[in-house]
Each structure stands twice: as C-alpha cells, then as structure tokens.
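Enquirer: So TrEMBL has the following annotated:
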- 227-481: domain 'GP-PDE' (DOMAIN)
- 41-65: transmembrane segment (TRANSMEM)
- 85-113: transmembrane segment (TRANSMEM)
- 125-143: transmembrane segment (TRANSMEM)
- 163-183: transmembrane segment (TRANSMEM)
- 190-212: transmembrane segment (TRANSMEM)
- 493-513: transmembrane segment (TRANSMEM)
C-alpha cells in the first residue's frame, strides 16, 4: 500500500487528530509502522459509500418537502401531537450529511498529504449507525409513502441537467487524491482496478445527458400558458384551512378555484371540514371533551357553530408563514368559525371564483342523503352552476340529472371507451407523466394535479402543459412569471459539451501534475532510505 512521505507537523496533527483521534507529530520515529492497509482502504470505501448514501437521502428529503405537511397531519391523527416534522427531517439530514462529508474531506486531504488513513473506532461505529439510520428512512419511505418514489422520478426532470454538472465536477475534483493514491500504491492490480472503475464512472457521467429528459428543455415560444391555481382548502399557509378567511386569502392570490371538503351535520347542514374528527382544526376537546373523538357528522350545526376553527392555526403554526402574519390577520384568524357550504358558495359567487369539493365520508350509510342535501344547497344558493366543480363519484348520475349545469371532475384517468365525454380530471401529480399531460391537452381535457407547493415542481408541470394545480402555497406560485429554468436544446447541448471538455482537461492535468510530484518525491525518499541504512549499519558495528 501507500507509504507515507514526510509531512509538516502542523498538517499531520490537524488532519490525523480528527480522523484517527490520535495526537501524532511529524517525527518519523513516532509514525513508524503507520501505513494504510487494505483494512483501512476498506473503511475508506465504506465511508465514501455512506457519504453517497446520505447525499441521496438529502436529495430525497428536499424532494419530499413538497408533501411533508401530509406526513405531519398523519402523525397528528395517530398521536394527537402536532409538530413541524419537516424541520426535524432537515436537521437530522443536515447532521448526517455534514458528519460524513467532513470525514470524507479529511480522508482525501490525508491521502493527498500521504498520511495513513487510520479511521478511529468511534467513527466506524458512527458511520455504521449513519448507514442504518438512512437505510431505515428509505425503508419507511418505501413502506408508508411509496408514491414519493414517483416524486423523485419527476424531480429528476427538474434537476437532471444540474445534477449532471455537479456530479461531473465532484468526480473531477476526486481525480487529485485518486491520482495521488495510484502513483503511491505499489500494488499494480489494485492500481489498475481503481483506475478502470474511475474511468468507467467518468465515461458514464460524460454520456449521461443522452438519457436526461426534461419538459423544460424547449424553445421559449413553445412554453405553454401558466397553469391556473386552485387553492387547497383555500390559502392554508395564510389562514386557517377551510374557513372564509382562507377563501378570501386565496382570492387575493388570484386562484381561480377554491378547493374544499364538505361534510353534513347530524341535522342536515353541509359544512366545510376535511378530517373526519374535529380535533386537529377546532377546539372540540375543550368544548365537547366527551364527544371529541366522534365523527364530524355526529355533531349538529348548533354545536359546530360553538367551535373555534382559527386559534389552532396560531398555536400550532402548521406552516412557517404563520409567524409573518400581521396583527390584523392574527386577530381575524382567531375569530374564524366553521363555515357552512351555503356561506362558502355565497363568498365564491361574490368573488367570482369556482368551488370544487369532495363530499365526505364516502362510506357513510346515509351518503345518498348527503348528496341530495348538498345539491339542494347548491341549487338554492344562486351560484352559476358552471362555477361548481363536482368531485364525488358516488351517485354522480343523480347529480347530472338534478343539476345538469354542474361541471364534473373525475379522479381517474380517461378510459379508452368512455360512454360520455370527460372534460376535467383531478389527480395526484405523481400519477401523470409529461407525455400524458401533453396528450390530454391535445384532446382538450383539463388536467388538475395536486398538491403542488414547490416552485421546482410547478415549473416542471408548467413546461409539461398542465391546465391547473392545487396548491397550499398560492402566494408563492402567484409570483412566478416564468419557470425556474428553461433551456433550448441547442443551449443545453453546448453546456453539456463544454462541461465534459473542461472536466476532461482538468482530469488529465491532475494526473500529470501528481505524476510529476511523485517523481520528485521518489529520489528524496531513496536518498533518505540509503542514509538510514548506513546509519543503522554503523550502529550495529
């Protein structure tokens, strides 16, 4: 393996202390016998793999932030404890990636300086724990949140070109310590193997753009119109969800549709509520503690009107934006009550926006009555029926007969032999590919995808040609006048060629320079060895 040439005492101490947890000076007699063995190399390889593992998890963590509010809601329903788990996720991920990154940088610097890679046992244990934690995170993601794998696929359409540039840059920088290792290693077989693996990885990276596709690689004049915004339960980052304040805030964000959820009270009054229980978004535990666990439909309208539907928003802060609310908005939020569907329809009519809703719970024994009661409120409200978007699948034919002007939105893809024309579909953004979105657009079918909060995701769907998106972050997407990036194919091709060429030249330069450095060291090391041999012979005589 590599022999450690001389290194200044300060550098040896600064590098070896945190990596090996040993205070080692530059004196050769105190470093005698310290050499990078195959065992040490295997631990360096494990360190490198753990770093890549945590780096991939960091990428996934950033991607799933778009949907992480759903995870926080899920945890609350299980534990009745609200916490912004996205913050916990980011902090934990930052700690893991920082630790493995620092160790890797230390190891590479030690290799450049010719120092032995003696990883301390504490670091070995921590690296194994890091790998286990990340593996557990990926396993949990695959079991409980499998749709996020589709989100990762979509994210590569937004980040692929930039990941390619970053990967080429990182592997190019790796050429310096790699060349140092190759020229210092006496094992020819290991040297050839490492070099072949590195060359294969670089060739794969250089050719990676051949497999990178993105809807945002297009000419400027081919960009579809900006998707319309649908307020998910209103504007839940700016006001308590499913309240009149949330509806008005959504109108201020220029949304075209207010998306909500409707339930029917025990005495037949449709009202806005997403959860089957009232515990998350009201103070039902304080007002009706013995009945708090009951289904929302078990309460009559008089009971529901007594509940505070806004203070939870200020206390739990489901989104970071709550902290920036003005005093006036805070006061208004604290005064919110559960609105009836009639009130929401009146507000939508006055604001000239459409309203789209689910009718819950679908498995209720009296669901047909819920449909009839809800239809009756819609017809009596006076709202133009074309502003009502009907999502529930149950008893849809009855709805078409009683209110033929209502627009029907389907939560599925189009069948090949549809009996009636389908004009609107509403699907999770993971369920539609860019090609399908383009095909639906050509067939004049309106596609709404949910829930889209991050600008990168909105940009990809914009380039794909989606009609509208349901969002929690209407105030953010409203300000976007253009996708985050848009590149003509010719420009992307030029960037690809330039990056690969620059990387190749730097890589060649690194190997040539390290070869010259290794040649300079060898005569000095040989003279030192001869001198030490003569001194040893004289001492023996």
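Cβ atoms here come from the backbone N, Cα and C positions, even for glycine.
A TrEMBL annotation is a machine prediction, not a hand-curated record.
What you see is a predicted model, and the numbers here were worked out from it, not measured in a lab.
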Enquirer: Spell out yes or no: are there three or more C-beta pairs under 8 angstroms between the transmembrane segment (493-513) and the transmembrane segment (163-183), with each pair 6 or more apart in sequence?
Expert: yes
Enquirer: By a Cβ-Cβ criterion of under 8 Å, what residues six or more beyond either terminus of the transmembrane segment (190-212) are in contact with it?
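Expert: Distal contacts: 156, 160-161, 164, 167-168, 171, 174-175, 178, 181-182, 492, 496, 500, 503-504, 507.
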Enquirer: Which bits of the chain, at least 6 residues beyond where the transmembrane segment (41-65) starts or stops, bring a Cβ under 8 A of a Cβ in it?
Expert: 1, 71, 86, 89-90, 93, 96-97, 100-101, 103-104, 107, 117, 119, 124, 127, 130-131, 134-135, 137-138, 141, 145, 148, 151-152, 155, 159, 454
Enquirer: In the predicted model, what is the mean pLDDT computed over the domain 'GP-PDE' (227-481)?
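Expert: That stretch averages a pLDDT of 96.
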